[in-house]
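According to Swiss-Prot, the protein carries these features:
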{"type": "BINDING", "residues": "22-28, 50-52, 315, 341-343, 423-425", "note": "GTP binding site"}
{"type": "BINDING", "residues": "23, 24, 25, 26, 48, 49, 50, 51, 139, 153, 234, 249, 313", "note": "IMP binding site"}
{"type": "BINDING", "residues": "23, 50", "note": "Mg(2+) binding site"}
{"type": "ACT_SITE", "residues": "23", "note": "active site, proton acceptor"}
{"type": "ACT_SITE", "residues": "51", "note": "active site, proton donor"}
{"type": "BINDING", "residues": "309, 310, 311, 312, 313, 314, 315", "note": "substrate binding site"}
């Protein structure tokens, strides 16, 4: 009897994850790789994350639409794990079209993605203000409250925009509860239901061309041999399950979140590329063992232009932390590393690398994810000689300064993962592939 032949998943999906506290430079890598993939997918987060892309003497920041939209042969998908501010999305679509790029037919939005409504943003700012010294440091974009409604099974989804009667009923239900909070807890004016219904009554016509069942679309495209690049927002150390809780985001930026946030079956995922800066930054509150509260930290921030792409907030800066990186590489199953912003270190005579921590008089090599313990550790450093010159001309590893090569090799030896992508400047072409 002849044996049957069944389809075997191709593992032609690649995930890009941030391995630090976000802002690692994922946008540049996605932009660089997008012309090598058929589809680029955003799988979690919302407009709280900005991906900065530099090309053709332009600098563009995208918050929701994947960076691949600037590669004309690439299809872009906003997955079910993303929370979407409809007004922000339409503004972004207009911005991309004004730059001369077609969006209709190239952008698909999951019908199951949840929406950020105006009351989510108001709740976000009111709740954050009420926290006093215990603030998380949210962006105030309504991300957390939208995810809260999602998991409380009260959320409004993209598909609801296409049915005005369903949308109206869900808005009434949500505002009945939210207005009690505004009036009785926060002593704010209630939001008028009918006004909000009118605000969203035309969204069905505008957004309908982009909406589809992206879970089925993506899996079918993979079955047909197409390649998919999945881009996360934020970073592993901000993951709600695996990060420095409670100073985390409300979603899963880790590689596991790529599957749940897109609907792509896990066995289609082949490579996981972990993106990390050559130093480290963090926005908002929370433990940061290698933070530099001195002139060196200020210098890193100034050279690296470390201000949030979404909020404009100043980022806290410090040396690279290999204890945290080892943890991130492990839980994400990272197969290769993309090292960004190496050029920021070009003028430092010495570069310090955290290789372990001291905790209660003992050296430890494992990253503590509970905030109380992490806030008590002291970093232990190895110091390397700086290269004191630019690598912007380099297009191969051998063309880089010897001390810069030594820095990269040291990271590889410590982390036991190859660095395959090195950003030596902000431009698309200022990149070394190995």
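Glycine is treated like the rest: Cβ placed from N, Cα and C.
Worth saying up front: this structure is predicted, and the values here are computed from it rather than measured.
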Among 22, 25, 312, the one of these binding-site residues whose Cβ has the fewest neighbouring Cβ atoms within 10 Å: 312
Inter-residue C-alpha distance, residue 314 (substrate binding site) and residue 342 (GTP binding site) (nearest angstrom): 20
In three-state DSSP terms, the structure that residue 52 (GTP binding site) belongs to: strand
For residue 342 (GTP binding site), the number of other Cβ atoms found within 10 Å of its own Cβ: 26
Integer Cα-Cα distance in angstrom, residue 52 (GTP binding site) to residue 313 (IMP binding site): 15
Cα distance (Å, whole number) from residue 312 (substrate binding site) to residue 234 (IMP binding site): 15
Spatial separation of residue 315 (substrate binding site) from residue 25 (GTP binding site) - C-alpha basis, Å: 14
Among 52, 234 [binding-site residues], residue with fewest other Cβ within 10 Å: 52
Between residue 424 (GTP binding site) and residue 315 (substrate binding site), the C-alpha gap once rounded to whole angstrom: 21
Three-state secondary structure, residue 314 (substrate binding site) (per DSSP): strand
Winner by Cβ contact number (other Cβ atoms within 10 Å) across the binding-site residues 28, 313, 314, 315: 28
Of the binding-site residues listed as 312, 315, 342, the one whose CA lies nearest the CA of residue 23 (IMP binding site): 315
Residue 28 (GTP binding site) - helix vs strand vs coil (DSSP): helix
Where residue 342 (GTP binding site) sits in the secondary structure, as DSSP reduces it to three classes: helix
